[in-house]
Amino acid sequence: MDFKNKKWLFLAPLAGYTDLPFRSVVKKFGVDVTTSEMVSSHSLVYAFDKTSKMLEKSPLEDHFMAQISGSKESVVKEAVEKINALEHVNGIDFNCGCPAPKVANHGNGSGLLKDLNHLVKLLKTIRENTSKKITSVKVRLGFEKKIPKEIAHALNDAPVDYVVVHGRTRSDKYQKDKIDYESIALMKKILKKPVIANGEIDSVKKAFEVLQITQADGLMIGRAALRAPWIFWQIRNNTTKLPAVVKKDLVLEHFDKMVEFYGDMGVIMFRKNLHAYAKGEMQASAFRNCVNTLTEIKSMRESIEEFFNQEMLQSEVPLWVELNQKSV
């Protein structure tokens with residue numbers, strides 16, 4: 001990965017959302033790196049056949065990272081060895097930022113920020129045992145209090161290719177007013193490896209503001225992409241205009257991929273995606289209530305066609321075939 005010639009754009013791993021169908025849709029809008037949903041090392045080791053489905057990738061994904069969590073060195077080592085057998089995976093990202101109590105309270109995710117020596121030891125274990133070219137880590141600014149300097153200095157001893165920094169502590173969770181890009185900038189000054197900024201990047205304007213403040217080598221975007229997967233295309237082209245794509249067709253394509261990947265269960269699983277796509281639209285509440293009752297492919301497809309038929313996202317910006325040509 002060459003960080004000298006462009007700012008890289010990453011899709012953040014989001015549990016329950018960034019599966020293969022969604023990543024396939026987003027990839028068409030110019031995102032450089034996609035990452036799996038977080039997979040626990042324990043699940044990889046003891047339920048590999050089931051868990052490995054989360055690590056499948058689409059033909060479009062040329063830079064695909066498997067994100068794992070864990071705190072026990074022997075289990076992390078074995079999980080890495082499992083991933084080695086998956087030739088389509090390009091690298092391993094280690095989650096040290098998840099704030100969920102069921103993860104952090106057991107010393108995983110952001111819980112590792114309380115023991116930086118152990119965190120670095122686990123990263124060394126990953127690097128020593130992986131056959132993949134890329135190893136990365138995703139962190140927050142601290143657990144209860146901000147310790148950006150300490151984290152940055154510790155990670156300088158870790159064998160990683162880049163560091164993703166979410167600009168909040170674990171205690172901050174996802175509070176908007178807690179985002180701190182200045183601390184990411186501080187870590188960028190200390191770290192001797194590329195830094196990717198993450199957190200509350202929800203527009204083109206915000207993207208370039210964050211790059212200016214942090215001097216980061218790239219951006220990772222998650223929740224904003226759920227409703228507007230074209231945000232990566234907008235950043236690439238430095239425009240607030242929308243690509244000329246019919247939103248209905250985009251949503252239907254995503255739905256069809258969900259059904260193809262999950263079968264009939266994809267109908268129910270797609271409800272949460274529809275909630276995101278419909279956010280801010282007229283009659284969105286009624287639409288959400290409707291789709292929450294649907295379980296059949298035919299009825300769900302009809303509801304999607306009816307609701308999104310009212311809306312055409314158009315502009316004079318080039319079509320799909322010209323996406324992914326520019327870089328920031």
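Placement of Cβ uses the backbone N, Cα and C atoms for every residue, glycine included.
According to Swiss-Prot, the features are:
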ACT_SITE  C98  active site, proton donor
BINDING   P13, L14, A15, Q67, K138, N198, G199, E200, G222, R223  FMN binding site
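Feature annotations (Swiss-Prot) mapped to structure.
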{"residue": "P13", "record": "FMN binding site", "DSSP class": "coil"}
{"residue": "C98", "record": "active site, proton donor", "DSSP class": "coil"}
{"residue": "K138", "record": "FMN binding site", "DSSP class": "strand"}
{"residue": "G199", "record": "FMN binding site", "DSSP class": "coil"}
{"residue": "G222", "record": "FMN binding site", "DSSP class": "coil"}
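If you check the binding-site residues K138, G199, G222 against C98 (active site, proton donor), the ones with a Cα inside 10 Å of its Cα are K138. For the recorded positions A15, C98, counting C-beta atoms within 10 A of each C-beta gives the highest total at C98.
The least crowded of the binding-site residues P13, G222, judged by other CB atoms within 10 A of its own CB, is G222.
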